[in-house]
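K.L.:
Okay, handing you the structure first.
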Amino acid sequence: MVSGGPELDDKGIRYQEVPELLEGVKPVLEEVEAETPNGSTPGSASEVRLTRRRWVIVFLFSSYSLCNAFQWIQYGSINNIFGDFYDVTTFAIDWLSMCYMITYIPLLFPVAWLLDKKGLRTIALAGSALNCLGAWVKLGSMKPHLFPVTVLGQIICSMAQVFILGMPSRIASVWFGSNEVSTACSIAVFGNQLGIAVGFLLPPILVPNLKDKGQLAYHISIMFFMTATVATALFILVIFVFREKPQFPPSRARALVSSAAPEEYSYMQSIFRLLCNINFILLIISYGLNTGCFYALSTLLNRVVIHHYPGEEVNAGRIGLTIVVAGMVGALITGIWLDKTKMYKVTTLVVYVMSLVGLVIYTFTLDLGHLWVVFVTAGALGFFMTGYLPLGFEFAVELTYPESEGTSSGLLNVSAQIFGILFTIGQGQIIENFGTRAGNLFLCSFLLLGTIITGKQALSNVPSPDSRTLFARLAL
């Protein structure tokens with residue numbers, strides 16, 4: 001049995017729960033933050049409270065994550081239109097999406113270190129500020145010869161993404177009770193997914209496929225100005241609303257962390273321990289394969305749909321919307337299911353297998369000539385493939401406890417970015433030379449590999465219960 005050990009808090013320290021140390025910790029549900037009764041010190045280990053502000057925090061984070069994700073896909077969803085406006089190739093427009101993936105890789109570790117050392121508020125301010133700045137820079141690219149300016153704005157937004165992707169599991173852990181963390185993580189990831197959905201839906205509506213570049217510039221400027229306005233409003237809200245942590249710990253584990261004496265924490269040693277965890281390494285690979293396929297499908301969706309259904313830019317966006325919205329429903333259901341059952345291994349395997357099945361069906365029905373069939377198959381694919389994203393974050397925390405949530409999430413995202421770049425380039429070249437079916441089968445082969453790896457994990461001795469709340473009663 002485990003008797004206790006270090007856990008990572010906002011300062012980098014973590015202690016595992018032990019029944020003896022948790023005696024006297026009283027869970028108290030409060031609708032609002034209030035002074036602790038009986039003269040106890042706020043945040044002490046004797047008080048555990050849930051506050052309404054936790055929902056404000058997670059929805060504010062989701063909102064500026066939404067805005068950032070919208071800016072990622074706003075070019076790819078109307079790839080052909082932006083290519084004509086700036087007189088560049090479709091591959092050049094693809095790079096406006098892929099720069100999000102490239103920027104993330106070298107900046108992950110510095111930003112994850114900042115998250116551990118400076119905490120949530122600093123990272124939230126940096127992410128929302130960069131997202132706002134990038135949106136305003138793009139407004140200076142309203143001429144066909146100013147493509148480098150829009151590239152600069154997109155690079156700034158891609159830097160903001162680095163400050164966003166690693167936060168969902170940390171917000172869930174710091175602000176939410178032990179029976180809410182999976183649901184809270186799903187909500188936090190929702191913002192990013194909803195942003196992608198809006199990025200598929202709005203650009204084809206706001207920017208019609210016009211030949212007159214003057215009129216086209218006008219429509220593009222409307223979209224960029226709306227984005228910049230929203231990003232600015234969200235940045236201001238983060239300044240005044242976002243807090244580092246609640247006044248009272250939301251769970252017994254956090255109450256114990258608050259009362260524990262600090263110890264020295266090594267960020268590099270934490271990374272080394274994670275990279276020596278074979279089950280986590282397998283998850284890094286399987287998560288990267290699944291999410292990389294999603295990135296490639298999203299980036300190239302406009303090109304694929306237009307190839308089979310010319311002139312259907314708006315419906316191509318709606319198909320992308322269907323994929324993401326179905327995935328959001330899948331993520332919500334998965335989060336609730338995990339909070340109630342803690343069946344991480346089985347759930348992960350089932351979702352992964354269904355992602356593979358969905359992609360195979362999508363591949364062989366894409367060219368039937370019926371858009372409604374594409375909507376149905378794309379929705380089924382999105383339900384499982386996109387729904388896997390928050391599941392991967394939460395499973396990583398279970399596999400790596402008591403290491404930092406931000407570090408484990410960051411390593412997952414690095415894998416996703418690397419595979420996303422490789423798959424986007426590879427599938428794009430295959431589509432150009434061999435057609436869309438061959439390109440999709442290329443992705444199917446890697447999802448099959450990910451399914452095999454996930455199956456190996458499901459049969460291994462990996463902890464399934466919620467180790468963050470039951471750690472003292474389980475032998476992991």
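Just so you know, glycine gets a Cβ as well, placed from its N, Cα and C.
Automatic prediction, not curation, is the source of TrEMBL annotations.
Predicted, not measured: the structure shown is a model, and the values here were computed from it.
Sharing the record's features from TrEMBL:
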DOMAIN    57-468  domain 'Major facilitator superfamily (MFS) profile'
TRANSMEM  55-75  transmembrane segment
TRANSMEM  95-115  transmembrane segment
TRANSMEM  122-139  transmembrane segment
TRANSMEM  145-166  transmembrane segment
TRANSMEM  187-206  transmembrane segment
TRANSMEM  218-242  transmembrane segment
TRANSMEM  274-297  transmembrane segment
TRANSMEM  317-337  transmembrane segment
TRANSMEM  349-365  transmembrane segment
TRANSMEM  371-391  transmembrane segment
K.L.:
Run the contact check on the transmembrane segment (371-391) against the transmembrane segment (95-115): 3 or more C-beta pairs under 8 Å, excluding pairs closer than 6 in sequence.
P.N.:
no
K.L.:
May I ask which of the stretches 122-139, 218-242, 317-337 has the most CB pairs under 8 A with the transmembrane segment (187-206)?
P.N.:
317-337
K.L.:
Please report, as numbers and ranges, the same-chain residues at least 6 past the borders of the transmembrane segment (317-337) whose CB is under 8 Å from any CB of it.
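P.N.:
For the transmembrane segment (317-337), the list is 73, 77-78, 182-183, 185-187, 189-190, 193-194, 196-205, 297-298, 301-302, 305, 343, 347, 351, 371, 374-375, 378-391, 394.
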K.L.:
Let me spell it out: take the transmembrane segment (145-166), skip the flanking residues so only those 6+ beyond its ends count, and list any with a Cβ under 8 Å from a Cβ in it.
P.N.:
61, 64-65, 68-69, 71-72, 75, 86-88, 92, 96, 99-100, 102-104, 107-108, 111-112, 115, 123-124, 126-131, 133-138, 192, 406-407, 409-410, 413
K.L.:
Compare 55-75, 95-115, 122-139, 274-297 by their Cβ pairs under 8 Å to the transmembrane segment (218-242) and return the stretch that comes out on top.
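P.N.:
That would be 122-139.
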K.L.:
Can you check how the pLDDT averages out over the domain 'Major facilitator superfamily (MFS) profile' (57-468)?
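P.N.:
Per the prediction, mean pLDDT sits at 85 for the domain 'Major facilitator superfamily (MFS) profile' (57-468).
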